[in-house]
Amino acid sequence: MSSQSLYKVSGNIAANALVNNEQYKTMYQESIVNPEGFWREHGKRIDWIKPYTKIKKTSFDDHNLSINWFYDGTLNASANCLDRHLAEHSDRVAIIWEGDNASEQRKITYGELHADVCKFANALRSQGVRRGDIVTIYMPMVPEAAVAMLACARIGAVHSVVFGGFSPDSIASRVIDGKSKVVITSDEGMRGGRAIPLKRNIDDALNHPDVTSVEKVIVLKRTGGKIDWVEGRDVWWHSLLETASEHCQPEEMGAEDPLFLLYTSGSTGNPKGVLHTTGGYMVYASMTHEYVFDYKAGEVYWCTADVGWITGHSYMVYGPLANGATVLIHEGVPNHPSPARLGEMIDRHKVNILYTAPTLIRALMAEGKQHFDQFDGSTLRIMGSVGEPINPEAWRWYHEVIGHEHCPIVDTWWQTETGGILITPLPGATDTKPGSATRPFFGVQPALVDNMGNILEGENEGNLVLLDSWPGQMRTVYGDHERFVLTYFKTFRGMYFTGDGARRDEDGYYWITGRVDDVINVSGHRLGTAEVESALVSHELVAEAAVVGYPHDIKGQGIYAYVTLTRGTEESEELRQELRQWVRKEIGALATPDLIQWASGLPKTRSGKIMRRFLRKIAANEVTNLGDASTLADPAVIETLIETRLNRTE
């Protein structure tokens with residue numbers, strides 16, 4: 001194996017991990033050669049009401065698409081997260097909650113969570129919710145968000161969680177598409193010291209003329225802030241629980257019955273409702289959580305994602321709770337009121353496993369490691385990264401400052417559509433390379449293809465596809481199956497197209513290069529924007545960078561970089577030239593940025609993803625029609641970038 005920046009698995013970790021490298025190779029080979037046998041065995045990791053006898057009926061043929069797993073079995077997702085732990089672990093803490101203000105903390109045992117979920121499930125039934133109904137959840141990061149999801153699953157309702165930062169228009173489009181009968185929200189949420197007007201946003205969304213399906217709005221009292229009230233429609237959460245029973249028999253659901261809808265963010269046009277079903281999803285979420293994070297019984301696990309994203313669904317609620325973990329939920333942001341908050345929470349709650357995003361790591365990097373001088377971190381064992389490719393510089397900082405150079409990092413690649421992690425290191429099995437997602441999880445068959453769909457062998461770069469199904473895969477786009485087929489299975493026949501580009505190195509490791517539309521063609525040569533961004537961020541004065549292509553008379557496309565400098569660094573023409581030479585040295589002359597624009601901030605969604613379509617338009621000087629900016633955390637960033645753009649033609 002190439003030794004360049006290789007972090008080897010320590011003997012101690014390999015000896016104590018669920019799987020070592022030899023076991024990984026054996027299990028992976030079996031999962032590909034004999035998927036029926038492999039998943040027949042591993043499907044037993046969850047509890048079934050009626051055990052399955054049929055494992056897999058799948059086809060990626062776009063004329064005969066079929067995705068079915070464990071399809072004659074029945075189960076209940078809520079029972080798998082709660083009931084099955086009660087006999088032995090009723091007193092184990094299921095959820096540790098810390099509010100935006102650290103003085104607010106709660107601990108909820110599995111027994112208590114079970115009672116809360118049963119009561120709220122009965123409350124939902126009292127408001128007319130029935131099996132198959134769609135319930136929209138628009139909640140802050142409080143335990144009741146998980147309670148609402150599990151209560152829906154308990155009675156066979158389909159939850160559609162909308163991220164608590166989305167605008168009324170975004171909420172309305174999702175409610176309309178799903179024809180939601182009931183909406184669950186809160187008076188307000190708290191984030192970074194500010195109150196977020198959740199109920200007001202719901203009121204505005206439901207005033208949309210095309211919203212006609214909603215009958216009830218259930219409101220949790222979080223802050224006690226002033227809200228408007230619609231008599232006959234609105235009802236308090238606590239009022240419903242006063243008369244609700246703690247006993248609620250879980251509904252028997254088919255493996256292929258829907259569990260939830262989750263609308264993908266950042267897409268143009270109508271929202272895309274990703275539909276996940278029950279059996280395969282629960283098997284895959286619980287299995288990936290256990291193996292990827294090398295989870296051991298009773299450990300404290302902290303996923304910093306919001307419950308409104310797929311990461312919150314799979315790796316804050318369903319996966320960890322199915323495995324009986326103690327889950328830390330944080331209402332605010334882990335760098336408020338100071339960058340020390342992340343370390344303080346790890347120490348305060350004795351966190352063993354941390355799963356967070358590169359955008360947070362880079363934000364902490366920019367503030368400086370002095371904020372972690374008092375950080376102990378001795379309980380931390382495994383660290384994960386999710387959401388986008390992590391640049392090597394941020395990886396190393398994470399490893400050194402947060403992990404104290406003893407915690408393996410699992411850099412995970414997956415999507416809303418995949419339900420769970422697809423490409424990832426395993427802590428006891430995989431030597432890691434900063435920036436690489438490394439190898440596929442069990443049952444996952446990645447491949448690289450050229451633009452004609454020809455499979456590329458060996459060390460190569462191309463479009464990332466998947467050759468066969470896995471249990472956590474989405475089943476359809478809600479209400480638009482043709483869109484599902486067209487988006488994922490028409491581009492490359494017989495394959496699932498991820499929309500991402502990747503390269504495979506000499507060791508067979510995968511490096512995600514970004515969305516295919518984040519590839520720049522400079523003078524006939526393809527350059528992944530992630531590669532140029534990583535080079536820029538490896539400079540000590542650069543906190544964050546985003547790179548896009550723009551029309552260039554000679555090269556076809558030029559390279560336009562937006563650069564945020566570290567705190568206290570002065571912008572100058574000299575530094576601009578230094579960065580151009582830095583990238584030239586790191587990658588080569590071809591990758592030298594043509595234009596570098598200083599950016600005090602980048603346009604991001606509230607989950608931290610950079611909205612590159614805005615950056616592409618600004619770089620191309622197309623600033624009159626930027627499109628919908630409702631999902632941006634701070635729309636004012638766009639105005640600043642437009643005013644300071646470098647590619648003006650007028």
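Here the Cβ of each residue, glycine as well, is placed from N, Cα and C on the backbone.
Feature list (source: Swiss-Prot):
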type: BINDING; residues: Arg191, Gly192, Gly193, Arg194, Thr311, Asn335, Ser523, Arg584; note: CoA binding site
type: BINDING; residues: Gly387, Glu388, Pro389, Asp411, Thr412, Trp413, Trp414, Gln415, Thr416, Asp500, Arg515, Arg526; note: ATP binding site
type: BINDING; residues: Val537, His539, Val542; note: Mg(2+) binding site
type: MOD_RES; residues: Lys609; note: N6-acetyllysine
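Known features from Swiss-Prot, placed on the structure.
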| residue | record | DSSP (3 states) |
| --- | --- | --- |
| Arg191 | CoA binding site | strand |
| Thr311 | CoA binding site | helix |
| Asn335 | CoA binding site | coil |
| Thr412 | ATP binding site | coil |
| Arg515 | ATP binding site | strand |
| Arg584 | CoA binding site | helix |
| Lys609 | N6-acetyllysine | coil |
Legend entry - Spatial neighbours of Arg515 (ATP binding site) among the binding-site residues Gly192, Gly193, Arg194, Ser523, Val542, Arg584 [C-alpha, 10 Å]: none
Inset, instruction - Please find which two of Arg191, Gly192, Gly193, Arg194, Thr311, Asn335, Ser523, Arg584 have the most distant C-alpha atoms, given that the record lists them as binding CoA, and give only that distance in angstrom, rounded to a whole number. - result: 48
Legend entry - Residue, out of the binding-site residues Val537, Val542, whose Cβ gathers the largest set of other Cβ atoms within 10 Å: Val542
Inset, instruction - Quick one: of Arg194, His539, which of the binding-site residues has the smallest count of other CB atoms within 10 A? - result: Arg194
Inset, instruction - Write out, in the order they occur in the sequence, the residues of the chain not among Val537, His539, Val542 that have a C-beta within 8 Å of the mean position of the C-beta atoms of the recorded Mg(2+) site. - result: Glu393, Ala535, Leu536, Ser538, Glu540, Leu541, Ala543, Ala545, Val563, Leu579, Trp582
Inset, instruction - Select the closest residue to Pro389 (ATP binding site) from the following binding-site residues, measuring between CA atoms: Gly192, Thr311, Ser523, Val542. - result: Thr311
Legend entry - Assigned element (helix, strand, coil) containing Val537 (Mg(2+) binding site), judged by DSSP: helix
Inset, instruction - Can you figure out which of Gly387, Trp414, Val537, His539, Lys609 (the recorded positions) comes closest in space to Arg191 (CoA binding site), comparing Cα atoms? - result: Lys609
Inset, instruction - Spatially speaking, which of the recorded positions Gly192, Arg194, Val537, Arg584, Lys609 is closest to Thr416 (ATP binding site)? Use C-alpha to C-alpha, please. - result: Lys609
